[in-house]
Amino acid sequence: MESSGPSSCHSAARRPLHSAQAVDVASASSFRAFEILHLHLDLRAEFGPPGPGPGSRGLNGKATLELRCLLPEGASELRLDSHSCLEVMAATLLRGQPGDQQQLTEPVPFHTQPFSHYGQALCVVFPKPCCAAERFRLELTYRVGEGPGVCWLAPEQTAGKKKPFVYTQGQAVLNRAFFPCFDTPAVKCTYSALVEVPDGFTAVMSASTWERRGPNKFFFQMSQPIPSYLIALAIGDLASAEVGPRSRVWAEPCLIEAAKEEYNGVIEEFLATGEKLFGPYVWGRYDLLFMPPSFPFGGMENPCLTFVTPCLLAGDRSLADVIIHEISHSWFGNLVTNANWGEFWLNEGFTMYAQRRISTILFGAAYTCLEAATGRALLRQHMDVSGEENPLNKLRVKIEPGVDPDDTYNETPYEKGYCFVSYLAHLVGDQEQFDKFLKAYVDEFKFQSILAEDFLEFYLEYFPELKKKGVDSIPGFEFNRWLNTPGWPPYLPDLSPGDSLMKPAEELAELWAASEPDMQAIEAVAISTWKTYQLVYFLDKILQKSPLPPGNVKKLGETYPKISNAQNAELRLRWGQIILKNDHQEEFWKVKDFLQSQGKQKYTLPLYHAMMGGSEMARTLAKETFSATASQLHSNVVNYVQQILAPKGS
């Protein structure tokens, strides 16, 4: 289908956005009354014992916010997002231009106000109201110790077991527990930071510039505007190695060789393919930081420096799609951002689509369809557990005041979002035209935060012939239905190119489900050549058919040590689920072993669900495993596991 091309819908002035009026019930801040222009952090990290009291671990220093008043009538107070774990000691207002003789510096009163269980408001009162369009700086002296935004790890929670480690995790609303801010994805600013660390430690941040300033100080600058949730810091015993012209890996010294081996030369190929499809990579560097094993996520797309789980060091480059996913966020999420967390699908649905476009070009359609089929299976699993009509199974989630956006996290924005973007590509009917559209979309909305309306209006402007046809209101596929009706996606992309890989896996699973497995037929299937996702797909089918007839799981494990003794986390997760679903108690230790080796939420929670849904022995295993590993898990993951072990109202 011929496109009108970007020229006809591109005006020199930026279009007015629906998102300019969007509310964010998860922020206590006055982000519509002030524009944040720049943030500077000046922090000193201290590793001591946990808890309050002198000498305890914490970050001490200052946050300086450069702001401009947007209200025509001026303003007499400013509200920032903060948290009870932040102790603000002083607030100073700097009026006039920096370096100006007339610059006024005055201490200003401040107080906190309750907001929700995940944050509070920090209210700064101006002695003299600021005028419309006035620029000023606010300097806050503060300290943060224990809290949800800054994660302190004892040496035993790291890979090297020798030195402590600290990192921050901002998404979704945790950076208010790192520094006072407008903690909403609706607004963006540049930032800089000066971080002082103890001897023998290195600091890294999500910034385009990294400089050593003396033995223990590091300076960072992010020259592109980003939302607060993407500002990230990590401090530990870190080494680095170059793996491409604009990429290096960072990791603890004991992991650096494995990290280099796994990713040397491959990242540039992913980046270059992304640029061909979606336009220039604007962030300068793309580095990877391999986190300690307790890191709860697969990856966090902090710009310039993606934080990733060490589970990706599979030794065979088989989990590189996670890196492709995080790289895809460089365009979708980091450059064009959801304006509030109810629109999370704009970040994740597009990123899944982009990841699978890159993967199709590099690894072929069969492999990508197979990977997408495992994603679809996860969505099916989620909807079976939560109920299709659950309001969280809409693309646009209504987040109620007081609800932590993190608690709405599930597969829907990823996989149903992917289906919606695929449906829009299907309406266009020409992959090349849709790729061009995505490039134009990124260019149109770069460095901005948007709502679904902004995107869909642009789509219909770009393809006027589709607008004329009324594709937004085709019965059963209405855009409004996609966004606001819970349940299974109305359209599923065709994954049949993956049949050549899926069919053999389905047939093999069928053989293992027989009460008397035909070992001759089973041994005729050479799984030694299968890629990881083919094995994952096979295990998903085995799990669906479980419990298998008695003795079959034991035999399956003996037949395929490649699966039952795998080091690959995706295989270990599914083997653990199969062990539990079949109550194969002699291998229960493998579940505990896996949960002790890492703390990724995506692997941890399903195994606790499986243990608590299993036999008495399995439930005992859950409690024993949790008491052995709780101290090494992220606080959010601890809370979720506790809810599985003792559901509210039980």
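Glycine too: its Cβ is placed from the backbone N, Cα and C atoms.
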Same-site residue for Zn(2+) (record: Swiss-Prot; known: HIS325, HIS329; options: GLU275, GLU348): GLU348
Please tell me which one of the binding-site residues listed here (GLY298, GLU301, HIS329) sits closest to LYS446 (N6-acetyllysine), measuring Cα to Cα? HIS329
Not counting GLY298, GLY299, MET300, GLU301, ASN302, residues with a CB within 8 A of the CB centroid of the substrate site are PHE297, THR306, PHE307, VAL308, GLU326, HIS329
On a C-alpha basis, identify the one among GLY298, GLU301, ASN302, TYR414 that is nearest to HIS329 (Zn(2+) binding site); the candidates are the recorded positions. GLU301
Quick one: Cα separation, ASN302 (substrate binding site) versus TYR414 (site 'Transition state stabilizer'), in Å? 18
Expressed to the nearest Å, what is the distance separating GLY299 (substrate binding site) and TYR414 (site 'Transition state stabilizer') at their Cα atoms? 14
Which residues, in sequence order, are found in the same chain with Cβ within 8 Å of the centroid defined by the Cβ atoms of HIS325, HIS329, GLU348 at the Zn(2+) site, excluding those residues themselves? GLU301, GLU326, SER328, PHE332, GLY333, ASN347, THR351, MET352, ALA354, GLN355, TYR414
